[in-house]
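Here's the structure we're looking at; comments come further down.
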Amino acid sequence: MKRGNVSESTEFHLMGLSDNQELQPVLFGVFLTIYLITLFGNLLIILATIFDSNLHSPMYFFISNLSFIDICFTTTTIPKMLVNIQAQVNSISYTGCLTQICFVLAFAGLENEILVMMAYDRFVAICHPLRYTAIMNPKLCGVMVLLSFLLSILDALLHTLMALRLSFCTKVEIPHFFCELAHILKLACSNILINNILVYLVTSLFGVLPLSGIIYSYTKIISSVLKIPSAAGKYKVFSTCVSHLVVVILFYGTGFGVYLSSAGTHSSRKSAIASVMYTVVTPMMNPFIYSLRNKDMVSAFKKLMSRITTSL
């Protein structure tokens, strides 16, 4: 293939999850359903947190931010996929591809950092209950979320700007349903050493360190829970962490699963299918995980639905 620098008019081709044309309507229906469930479920959590004063606490503040991020994360990838299936095209502009990469990296980083804040919130609530209100004050929570937004955006912009220096072959086919940085680097015709160094460095800072913080928080939480004499007391305290722990395992587990699948197989299409778990399924599951066994959230939902039906 001919090598050359891409321009804004250059189109990339998203090959999607399958080449089977008969399967496309099924994929359209499945992903449209998932997107609507994700949108509706996370929007309900945000509205419930805003309108119910019982949910005006740091924990629910972080949950509502996580819901907002999940809506943005899925909106970055699924609508474009649905449009391509419906129009029976697989192209995306060079500018559109880089924009998608930027937003995917930003929202993935934000989700990662919000999960760390939630772990810290549970750590303070269980290990330092008497100082919880003083430590987890609204100002600190707001500053942490704002800082996470700034760091994630800077990280995403840095990767995107570094991708601008790459050159590609005449026809670029991405074996994925959205533009992912790892696939773009593999398809580049130019030297990607600096890009790879940046990826490994940022992964260490924004991946390993946050995960270490979560592990440390839960090590201290488990240590504190084990000191409680009664089994009922242990269950009551630890039950406040179960939802967050499930989301952490789901997010990091699927993320590492995608990494291992891409490293262990030569099929990029299989890696794309595996990545559906953390980019699509996890954001859909989060509202169910945080609300099904949460009496406060269920009560807030009922009040919200009552308010909506009354206004209608």
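Even glycines carry a Cβ here, placed using N, Cα and C.
No curator has checked TrEMBL annotations; they are predicted automatically.
Going by TrEMBL, these are the annotated features:
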TRANSMEM  26-47  transmembrane segment
DOMAIN    41-290  domain 'G-protein coupled receptors family 1 profile'
TRANSMEM  59-78  transmembrane segment
TRANSMEM  98-120  transmembrane segment
TRANSMEM  140-158  transmembrane segment
TRANSMEM  197-216  transmembrane segment
TRANSMEM  237-260  transmembrane segment
TRANSMEM  272-292  transmembrane segment
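When Cβ-Cβ distances under 8 Å to the transmembrane segment (237-260) are tallied for each of 26-47, 98-120, 140-158, the top count falls to 98-120. Taken together, the residues of the domain 'G-protein coupled receptors family 1 profile' (41-290) have an average pLDDT of 87.
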